[in-house]
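Remarks on the structure that follows.
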Amino acid sequence: MNFEDIEDQDGIRLSWNTFSATPAENARAVIPIAAMYTPLHENERMTIEQYDPVACRAPCRAVLNPYCHVDLRARFWICPFCFQRNPLPAQYSDISSNSLPLELLSQSTTMEYVLSKPVKSPPVFLFVMDTAVDESELTALKDAVIVSLSLLPPDAIVGLITYGSLIQVHEIGFEAMPKSYVFQPAADYSTMKLQQLLALSGNQIRSSSSKAKISGTGITLNLGAASRFLMPVQKCEMHLLNILEQLQPDCLEVPAGQRQLRCTGAAVKIASDLLGIAFPKCGSRIELFCGGPCTVGLGQVVSTELKEPMRSHSEIANDKAKHFKKSKKFYSSLAERLSNQGHALDLFAGCLDQVGIMEMENLVNNTGGAIVLSDSFTTSIFKQSFQRLFSVDASGYLKMGFMANLEVLTSKGLTICGMIGNGVGENKKGTNISDTQIGISKTNSWKMAAISPKSSYALYFDLGKEMGNPNSQRPTQAFIQFLTYYQHSSGTYRLRVTTISRSFITGNAKSISESFDQEAAAAIVARMALFKCQTEDEMSVTRWIDRNLIRLCQHFADYRKEDPSSFRLLPNFTLYPQFIFHLRRSPFLHIFNNSPDETSFYRHMLNVADVNDSLIMIQPTLQSYSFNEPEGVPVLLDSVSIKPDVILLLDTYFHILIFHGSTIAQWRNAGYQEQPEYVNLKELLLAPRLEVTELLADRFPIPRFIVCDQGGSQARFLLSRINPSVSFNKSSQFSPMSKDSETVLTDDVNLQKFMDHLRKMAVIS
């Protein structure tokens, strides 16, 4: 079974591809039955049908798929999830065994339908810009927003709010002159009060005759009085550009020893209320730009006094962060409101200091938004990442969905434990809910205000109660159907349906072990670990990971009791301990050198990544370029790979680093590459940069690009991620220590010691 081929077709990978049929066997497997699913996975072979799907009767509502039994003579089909008989619709009256509809063909395990249900409005983008920054930062930010306007569909609705010491809601529908409503950060305006102040209450909201057409649908939307603040970009672009060009940095003078007054929390609340008034339950995104931490009003992260430092991990853990709990509670309640309204928030940080991402993370994580962490709005990381958010597909539509809902159906014998990913559970309970809770649980349906082809979700399953009854007839086949409803940027509602089937097996440990996908399992366990970090400290989570690894090896490895030298793992298990070793050392769990904002950013990214991207984050890739291998070859993520005469290319997903060995760096500094007789050195120096261009092609957000030399300060990014097999004069398991090997000064256990201890613990009686 080729797991990657299945992923290419259906966007799904499972930890186990054959399921134990009894609860006892399933418990011994340690790692739960789980799927890494990317609903909007890009598949060129998938067809998009322009009709509503054929669905089973309520309450099942499963969609017709290749695993359904069809009786062509009696004209009915049997649902594999509930076994109900359903009549075939009239339009299928001419089908035969040689002429089946597309959804019944074996290759149609993933289908997409364009639904007849009309959309309520085109997508809405509300820009919330920080003006409490210096002039160069604001100029770069304005330029980025101006460029983004040209990337939006003409019918997209836009609005503008700026904030610093005060909040300004700009009237983009008043072309005679720039006009805005100013709000104080200290006041907590209710939604009703905001309606009154913006003249949007009562009949006023419909008093305007301003309308907007939704392209491609023939539907006209009455914007009402809200059109003063939110208008189609094609109607207000020139006036909005004029407003942006006239924006100035916050004019309030900052006394020495103090921070800028910045009311981020109050600005986001007003943005949320404005969208809730004008576009409730409509696909919308708030684009929030932060040039520093919130220092005043709702959601305050730190005081204006510079002598008060930003909170650290230890202060948060010891409950010494003065503003953290109150701020976190405020943003979490705001996140719940945004999610209920169907609105997402994207957070762009452009500051060397922290801006409060850890406090605000639920605004993004609960709504399916994105986080971009950069040092400045002038950097290419911010500019290119922001533009990439608005990338389009081959048809010219934005690669983003709105108002998404993911529902999971299972056949008899399988139940749902929960989901770990960016979204929230819906108050909807099917008959297939497990008593075991993992992640966002007690439901089989989750909603995401925003979704993209990069959005992946980990879904966890358990055996049904009937599988534990030896007297009941156990099913031999399990079926899972994923139903993803979402608003497409073309102005249509769509349904993506993926249906998979796997076998139940009793007593055949070999078949179960051979079905193990160690890469998917590593990503699935990593998400479980991050979810546990919300309520437990990192050390406890690390111990939990270690215990599970030992139990897994005890059950699936070959060994003689009390004999570590006899320990052997099957080929499809051999890399899993290595993944766990690097996960333990990764910035997701090893947070000592990270700020709280960085930790939140890293964990957010892992919670949206698919299997391949997750593995790069957990265990970075390392390529070596030398005169013997000028095109580059993968090498061990180990200190023995660091040599004076090679160039290394490290990809951690968040950083891409080109590392020059000491000899290569000396030759480069001497300028040998500029001499004709050393053209091979010039080509060698260029080779990793060409590879970097390919790595950056579709990466979001853009990673930090670092070029460094052996012995330089920036080399720490490489040394912190490699296996320290050569440390304190200890030799490596891969090769004897040589004078060329890099010695890593660390107390961390290396992979060899980790594996030795694992073998020892696994073979204990």
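Just so you know, the numbers here start at 1 and follow the chain as drawn.
Glycine is no exception: its Cβ is also placed from the backbone N, Cα and C atoms.
Looking up S327, S566, S741 in Swiss-Prot, the residue bearing an annotation of phosphoserine is S566. Checking S210, S565, S624 against Swiss-Prot for the annotation phosphoserine singles out S565. Between the listed binding-site residues, namely C56, C60, C79, the fewest other CB atoms within 10 angstroms of a CB are found at C60.
Each of the modified residues S565, S566 was scored by the other Cβ atoms within 10 Å of its Cβ; the lowest score goes to S565.
All protein chains included, C82 (Zn(2+) binding site) registers 17 other Cβ atoms within 10 Å of its own Cβ. Excluding the listed site residues C56, C60, C79, C82, the same chain places R57, R61, A62, F81, F83, Q84, N86 with Cβ atoms within 8 Å of the centre of the Zn(2+) site Cβ atoms.
The separation of S566 (phosphoserine) from C56 (Zn(2+) binding site), Cα to Cα, is 54 Å. Across the structure, S566 (phosphoserine) and C82 (Zn(2+) binding site) place their CA atoms 48 angstrom apart.
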